[in-house]
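Participant: Let me give you the structure first, and then I'll get to my questions.
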Amino acid sequence: MSAIRYELIKTDKQTGARLGKIHTPHGTFDTPMFMPVGTLATVKTMSPEELKAMGAGIILSNTYHLWLRPGEELIREAGGLHKFMNWDQPILTDSGGFQVFSLSKMRDIKEEGVHFRNHLNGDKLFLSPEKAIQIQNALGSDIMMSFDECPPYPASHEYMKKSVERTSRWAERGLKAHERPEDQGLFGIVQGGAYEDLRAQSAKDLVSLDFPGYSIGGLSVGEPKDVMNRVLEHTTPLLPANKPRYLMGVGSPDSLIDGVIRGVDMFDCVLPTRIARNGTCMTSSGRLVIKNAKFTHDFRPIDENCDCYTCKNYSRAYIRHLIRCEETFGIRLTTYHNLHFLLNLMKQVRSAIMEDRLADFREEFFEQYGFNRPDAKNF
């Protein structure tokens, strides 16, 4: 029996978007869901209790980084990632593939795996489909990812075709290496860039392997938003309706809503935490850069429509002062706000699906946020 089970609760009559639940060994979370990223077994500056309070039903950790520091065997010795970081709800781990291809400029892709350099100290390393699964088995995450090749954007059709074929072979090898299928659900990752025929081939290959869930990778890597939406419209109908669909690396408010409309259940991105560290905030009326001089004497909250801890207690002027002085508390406040904003947005999206009005909600949100303006500022 699979460790992961998807339960469809409702389909939005306006858009076809899905409202559901995903059941895991460490509990159930609602979908659509945004997953905060805890790269090194922590969501930067946030405690597990704060994440739970703001509605994070699942978080993500990074296989590549945890393999290098502190090492998967130490985490296994601690009783697994949940005990190590004191998080008793679901955890998803990526395969490390994206980091191998994005952080290491020196890499050699072979059929057996990838030879590359440690981005911290230059040491030679090797990661294979089997090794990526072994590390994740040691970490003990609820949802694991297959090891995939992450081609650059743009890439030629010829290169992408070879990459998709290799990713399919690697997915099959990873599935065979998986030692804990009753405890951990392994997802296959659909690749293929912007080429619809290759996306179809990738989806067909992976669906034939009967994974408990499917990820859509290789998007949000520099392609225009309309290309991403076109690829999603083509790809999600090719995936089983009774299993979860996860769009990797997407976290801007507009892309979350548009992804849900196109049948996606799960999202993750470092965006809300990364931009928070330089003082960029998501608000109901658009992007706000707290360092700007115009906020020096502004004693309003970051977002007057937000009820998060930050907005209930602190002013723009105070947070601007903290960020300009590089005080950690300022980063905590902006991080808390941005994560709360996205998690609350997904809560609103779920309510809109329940009420069969997601298309109306999108129109209202885009209008208020300013996405419909020609000078719209996105992330």
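Every residue gets a Cβ built from N, Cα and C, even glycine.
Residues annotated as active site, proton acceptor in Swiss-Prot: ASP94. Taken from Swiss-Prot, the feature active site, nucleophile covers ASP268. What Swiss-Prot lists as substrate binding site is ASP94, SER95, GLY96, GLY97, PHE98, ASP148, GLN191, GLY218. The Zn(2+) binding site annotation in Swiss-Prot covers CYS306, CYS308, CYS311, HIS337 and rests on sequence analysis. Feature annotation from Swiss-Prot assigns region 'RNA binding' to 249-255, 273-277.
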Participant: Given the substrate site residues ASP94, SER95, GLY96, GLY97, PHE98, ASP148, GLN191, GLY218, which other residues of that chain have a Cβ within 8 Å of the mean position of their Cβ atoms, reported in sequence order?
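Facilitator: For the substrate site, the extra neighbours are PHE101, MET145, SER146, PHE147, GLU149, CYS150, ILE189, GLY217, MET248.
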Participant: Just the number: how many Å between the Cα atoms of GLN191 (substrate binding site) and CYS308 (Zn(2+) binding site)?
Facilitator: 37
Participant: Let me know the DSSP-derived helix, strand or coil state of GLY97 (substrate binding site), please.
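Facilitator: Reduced to three states, the DSSP call for GLY97 (substrate binding site) is helix.
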Participant: Can you give me the average pLDDT across the region 'RNA binding' (273-277), rounded to a whole number?
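Facilitator: Summarising the region 'RNA binding' (273-277) by its mean pLDDT gives 98.
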Participant: Around ASP94 (active site, proton acceptor), how many other CB atoms lie within 10 A of its CB?
Facilitator: 31
Participant: From the Cα of ASP94 (active site, proton acceptor) across to the Cα of ASP148 (substrate binding site), what is the distance in angstrom?
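Facilitator: Pair distance, Cα basis, whole Å: 10 Å.
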Participant: Closest of the recorded positions to HIS337 (Zn(2+) binding site), Cα to Cα, picking from ASP94, SER95, GLY97, PHE98, GLY218?
Facilitator: ASP94
Participant: What same-chain residues, at least 6 away in sequence, bring their CB to under 8 Å of the CB of CYS311 (Zn(2+) binding site)?
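Facilitator: In sequence order, the residues whose Cβ lies under 8 Å from that of CYS311 (Zn(2+) binding site) (at least 6 apart) are PRO301, ILE302, ASP303, GLU304, HIS337.
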Participant: Cβ under 8 Å, sequence separation of at least 6 from the ends of the region 'RNA binding' (249-255): give me the contacting residues as numbers and ranges.
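Facilitator: Contacts with the region 'RNA binding' (249-255): 34, 98, 217, 219-221, 225, 228, 267-272, 282, 341-342, 345, 365-366, 369, 371, 378-379.
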Participant: Across the listed substrate-binding residues, ASP94, SER95, GLY96, GLY97, PHE98, ASP148, GLN191, GLY218, what is the farthest Cα to Cα distance, given in whole Å?
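Facilitator: The widest Cα-Cα gap among those binding residues is 15 Å.
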Participant: Which chain neighbours of the Zn(2+) site, leaving out CYS306, CYS308, CYS311, HIS337, have a Cβ atom within 8 Å of the mean position of the site's Cβ atoms?
Facilitator: PRO301, ILE302, ASP303, ASP307, TYR309, THR310, LYS312, TYR336, HIS340, PHE341
Participant: What's the most sparsely packed of the recorded positions ASP148, ASP268, counting other C-beta atoms within 10 A?
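Facilitator: Checked ASP148, ASP268; of these recorded positions, fewest Cβ neighbours within 10 Å: ASP268.
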Participant: Three-state secondary structure of ASP268 (active site, nucleophile) from DSSP?
Facilitator: strand
